[in-house]
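Student: Among the features that TrEMBL reports, FAD binding site is placed at Arg122, Tyr124, Leu139, Lys141, Met148, Ser149. Sequence annotations record features per position, and here TrEMBL assigns domain 'FAD-binding FR-type' to 71-173.
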Amino acid sequence: LQAMSDTEQDWLALRPQEPSPSQCCGSGCKPCIYDVYEKELAQWERAKAMQDKSLLMGKKEQSNNSELNPDTFTAFSVSSVQQLTEDTYQYKFELPGNSSLRLSLGQHIVLRGVVNGLEVQRAYTPINPGNAEGYFEVLIKCYEAGLMSQYIRTWRRGDVVFWRGPFGGFPYQPNKHGELLMLASGTGLAPMIPILQSITDDEEDETFVTLVGCFPTFDKIYLKPLLQDLARYWNIRIFYVLSQETSLEELPWSYQENTYTGRLNEDLMKTIVNSCRRKPFVLICGSSAFNEDMSRYLKAAGIEENSCFVF
């Protein structure tokens, strides 16, 4: 009988653990961490029924071969940490040889962190061009009370971090839309950057783009040099909306004519939509409150829901 309960114990120890809500990043990944759990649980039940532990051998929690995979976490090494504003950082990760993550535009990847024994997962969108070789970069805003932020703030060069993916993305096709209107709040800029770069890199792509970046203050605009470069292209316009700036006089003159103070509201949305050369297809990325507000203002400006994509 004793032996029987030992085996029982052994099997229980091997049973996959159900994820806690903090482990789900909430981005609608396929497979979600819960899908992975269901699959592993079915595998465990089958192995237990047949009393054959070798059936579990295929179960791999994480991998070290630096091939991104949606089902399992892969180790990547931090190669540089750059602070952009008081709470936002750009992290660069190494890829072996000249390999590439091969993401489609706007796809996100999921990070796993452990804080005080609690596993947390969050989704981030790499900002490097899709064809970047040997590295990928993510833009991350750290929050005072955020669990994942506490973990990310400890990262130093050479640290190993686990990612899985890719997920989501916007099925962008060159010249499919006459004009794209991109509405980004803060780090919501991340999925827009690879799409902008793919347009400027492709001489055949004549899509017009109007990017509206919403930030609290001028100092908190991310990636200014990159955005300034992109704005030099004939088909790219960039506007800034700064919610906590009261006057434009302090701003460098090159920013004054394309910057608005206050919030991006219904009136400003109508002005921007009317200034587009063609009826735009709209990409939106920000907090859920931002996304809801934008959808509402766009509707008031005559843009239908089927002409919008929310990251």
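Every residue gets a Cβ built from N, Cα and C, even glycine.
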Student: Report the DSSP secondary-structure composition of the domain 'FAD-binding FR-type' (71-173) as helix, strand and coil residue counts.
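Tutor: Taking the domain 'FAD-binding FR-type' (71-173) as a whole: 6 helix, 49 strand, 48 coil.
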Student: List the residues of the same chain that sit at least 6 positions away from Leu139 (FAD binding site) in sequence and have their Cβ under 8 Å from its Cβ, in sequence order, or write 'none'.
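Tutor: Those within reach of Leu139 (FAD binding site), by Cβ under 8 Å and sequence separation of 6 or more, are Leu84, Thr88, Tyr89, Gln90, Tyr124, Ile127, Thr187, Leu189, Ala190, Tyr222, Leu223.
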Student: Pairwise over Arg122, Tyr124, Leu139, Lys141, Met148, Ser149, annotated as binding FAD, what's the top Cα to Cα distance to the nearest Å?
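Tutor: Comparing all Cα pairs, the maximum is 14 Å.
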Student: Count the other Cβ atoms sitting within 10 Å of the Cβ of Lys141 (FAD binding site), across every protein chain shown.
Tutor: 19
Student: Give me the non-local Cβ neighbours of Met148 (FAD binding site): same chain, 6+ apart in sequence, Cβ-Cβ under 8 Å, ordered along the sequence.
Tutor: Leu111, Gly113, Val115, Val120, Arg122
Student: In the structure shown, which of the binding-site residues Tyr124, Ser149 has the fewest other Cβ atoms within 10 Å?
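Tutor: Fewest other Cβ atoms within 10 Å, among the binding-site residues Tyr124, Ser149, is found for Ser149.
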